[in-house]
């Protein structure tokens, strides 16, 4: 039973990929017909091809898929004939175990049906001249909105209720924990030091990252499908990229702060002031959003040819790149290089910084001094490990299905934000002391009332 369910989900995923290819072919076909009409200077009516743009649901998939085409006006259009042949070949590629494909044609249309048990989709190609292809690449068919579908296997109402409850609980926990850290920092003037300014900035980033994605996920779990305008989708992607890059740079800045405190303690008060650390944090924010803007500018240069279904719980850069058409190899490599720079350059900086820190700590003569230095750095190392562990989990999860990829990206967003307040509250004595004072004040106020 489980194997049949897995096979059915695999069928749906491959059908979804085929549907996106067909949408691109439809847009190209319409462009060729319009181009021919302009060249011949005569009006024509575009042949309608009815292909469902919404991806088939796993729960409603019954093993049948059909494509309906309206009658062709004439047989003298070679491009149309090749396109129809390619479409027929793509549908015929879905073969059943020795079942014959049944095709019915009439004056009003042609219907092709196949029962996809063992999917072997053929490559559908169109033969364009260089002139037509260059003109097509310059044309960007406007996509007004994107359809967010979420998980493929958890679209029934019960599964969506469970997901809604789990992520709502996690989101409330993240908000309470990080807002508590921010309030402790604001209320206790003894914590107004460069180290805790960085901790407060990290808490603000965690709240911003989860607020950018989790509420939209909760809406998706309530409605099953969610329609997002073009500009809103790109805005969410920009904030996701910018905040992620900013947090990565902020962790590197925290490592630099610990390096100055341990390796150059006599110069720490001069090198790391509250004003300077605030300026460095602002620089991290500017660099992070600059990387996000450059990345989205590269994506906006590409063409969107009609396919608008995003199989994810929120808008992300990989899903947007998947919907583009044309030659996007160079753009993909540029975006990949930016992503690797944002992720691994701070990690390399942190690694070499802590190598220097460990060398300096080993040279400390007293055991008490060594333990204090390791304890202080251990908290920061835990935070770094949690952040980059989310990235590693995302990369190491086997992409056997779309759901695994979605879950990996959600873990990358939610896991660090939920763990950071726990780490700082359990391992930082100053925060524990300030929290105890705050609780005593609250009890005193409650008793006074």
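From the backbone N, Cα and C atoms, a Cβ is placed for every residue, glycine too.
Look at TrEMBL and you will find 177-424 tagged as domain 'G-protein coupled receptors family 1 profile'. Residues annotated as transmembrane segment in TrEMBL: 162-184, 196-218, 238-256, 277-300, 330-352, 373-394, 406-426.
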Can you say which of 162-184, 238-256, 277-300, 330-352, 406-426 has the most Cβ pairs under 8 Å with the transmembrane segment (196-218)?
162-184
Using a Cβ distance cut-off of under 8 Å, indicate which of 162-184, 238-256, 330-352, 406-426 has the most pairs with the transmembrane segment (277-300).
238-256
Restricting to CB pairs under 8 Å, which listed stretch, 162-184, 238-256, 406-426, is in contact most with the transmembrane segment (330-352)?
238-256
Cβ contacts under 8 Å made by the transmembrane segment (162-184) with residues that lie 6+ beyond its boundaries:
151, 154, 191, 199-200, 203-204, 206-207, 210, 214-215, 217-218, 221-222, 414, 417-418, 420-422, 424-425, 431, 434-435, 438
List, by number or range, the same-chain residues at least 6 past the transmembrane segment (238-256) whose CB is under 8 A from its CB atoms?
195, 198, 201-202, 205-206, 208-209, 212-213, 277, 280-281, 284-285, 287-289, 291-293, 295-296, 314-317, 342-343, 346-347, 349-350, 353-354, 380, 383-384, 387, 413, 416
Overall pLDDT for the domain 'G-protein coupled receptors family 1 profile' (177-424), taken as the rounded mean:
86
